[in-house]
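Student: Found this in TrEMBL, in case it helps:
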{"type": "ACT_SITE", "residues": "LYS38", "note": "active site, proton acceptor"}
{"type": "ACT_SITE", "residues": "TYR276", "note": "active site, proton acceptor"}
{"type": "BINDING", "residues": "ARG137, MET324", "note": "substrate binding site"}
{"type": "DOMAIN", "residues": "255-382", "note": "domain 'Alanine racemase C-terminal'"}
{"type": "MOD_RES", "residues": "LYS38", "note": "N6-(pyridoxal phosphate)lysine"}
Amino acid sequence: MIINHSSIIELNREALANNLKFIRSLIKEKTQLSSVIKGNAYGHGIKQMVPELERLGVNHFSVFSSFEAKIAYQYTEKNSTIMIMGDITVEDKKWVVRNEIEFFVYNIKTFQSLLAEAKKLNKKLNIHVELETGMNRHGFDEEELNHLFKLLHENKNHFNLKGICTHFAGAESSTNYKRIQEQHQRFSKSVERFSKEGFKAEKLHTSCSAGIMAYPEFNYDMVRIGIITYGLWPSKEIQLMYNVQKKTELDLQSVLSWRSSIIDIKNVKAGEFVGYGTSFLAETDMKIASVPVGYGYGFSRSLSNTGRVLVKGKRLSVVGTVNMNMFLIEVTNVNVEVGDTVTIIGKDGKQTINVSYFGNLSEQLNYELLTRLDKSIPRVVI
Ligand SMILES: *Cc1c(COP(=O)(O)O)cnc(C)c1O
């Protein structure tokens, strides 16, 4: 296979199937699963993940923006639904309306402009009203709802109320417990006001990955699940909590591996510096190999002199600074050749470097690290 790149991202189909089973074991059968594929499917690739998730029975996808929605649209089946949770660009308004894409409504002005578009195109908008319940990021607070209700009454024939939703400000940490309880109370109160006004939403939804584990009572009709789909924990605390409660026998499995190969091997004499500057001094004679991956592809510069990779089942150290397109590893006592596989994330023999280990070393969240993986790296499903 020609990969046309210096590294490759492998996506493990079995791990994904396992994670879907895990998720479904935590929610009721009637609760719809919306797979969150924002951030290029958390770095895994929208193009690759959408068909795989559909094969596993997912038919609802959440993205952040209209431009992600357009990518997802290319790869989804006819009966799948796409929901935009954030930005609809001015240029994309027509496309969103014409293709009946679902989207969050979180302010009057954007909603009005989309209503105008719907009337022009003789279409109905598929809206999810987002409520501001305490995160103070997006959505209608209690006061603004009056204005929204007026608008909804005036435009009754131009929208389907697909959902009413909110987002919790940090379900992955118990320090936010009180705030989330308050958010839920505000949510319930506002949902009641919708019924008093005569509006009934098809679905209520509030929960993300951490939500379904820490607050299953708030799952409602649909859950928006990102990080655990890919086999990663939203936080250490949730992982610990889950392992104590063990609500299912299943465990998460990481979907993504990232591999490259050695392109050169050099002998360095004791007393020489390695790489740019003076951050690494060879204290003995040593053998150094170069790997054609750098911060330009998402291998953080903070891994300079601290990162680890796997070659031939052995854990090896990154030496010197990480460059834009390259980093160096010490291979003194290992029998390696040019062309040998270097595992940056994933399993090699008995050793594994998981995303969170890699993330801890580079002081990045799982979420952050994954979305920084360069889009041009080929993603292949195995
Ligand atoms: C990202 C996001 C999610 C999914 O969060 P995970 O922690 O990855 O499950 C759900 N809802 C909203 C509004 C989001 O932005």
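Numbers here mean position along the shown chain, with the first residue as 1.
Cβ atoms here come from the backbone N, Cα and C positions, even for glycine.
All annotation found in TrEMBL is predicted automatically rather than curated by experts.
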Student: I'd like to know which of these recorded positions, LYS38, ARG137, is least surrounded, judged by other CB atoms within 10 A.
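Tutor: Result for the recorded positions LYS38, ARG137: minimum number of other Cβ atoms within 10 Å at ARG137.
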Student: Count up the helix, strand and coil residues in the domain 'Alanine racemase C-terminal' (255-382) according to DSSP, in that order.
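Tutor: Its residues divide into 19 helix, 47 strand, 62 coil.
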Student: Measuring Cα to Cα, how far is LYS38 (active site, proton acceptor) from MET324 (substrate binding site) in Å?
Tutor: 26
Student: Do you know offhand how many angstrom separate TYR276 (active site, proton acceptor) and MET324 (substrate binding site) by C-alpha?
Tutor: 12
Student: Tell me which residues of the chain lie with their Cβ under 8 angstroms from that of MET324 (substrate binding site), as long as they are six or more apart in sequence?
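Tutor: Non-local contacts for MET324 (substrate binding site): GLY294, TYR295, GLY296.
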Student: Note down the number of other Cβ atoms within 10 Å of the Cβ of TYR276 (active site, proton acceptor), including every protein chain shown.
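Tutor: Result for TYR276 (active site, proton acceptor): 12 neighbouring Cβ atoms inside 10 Å.
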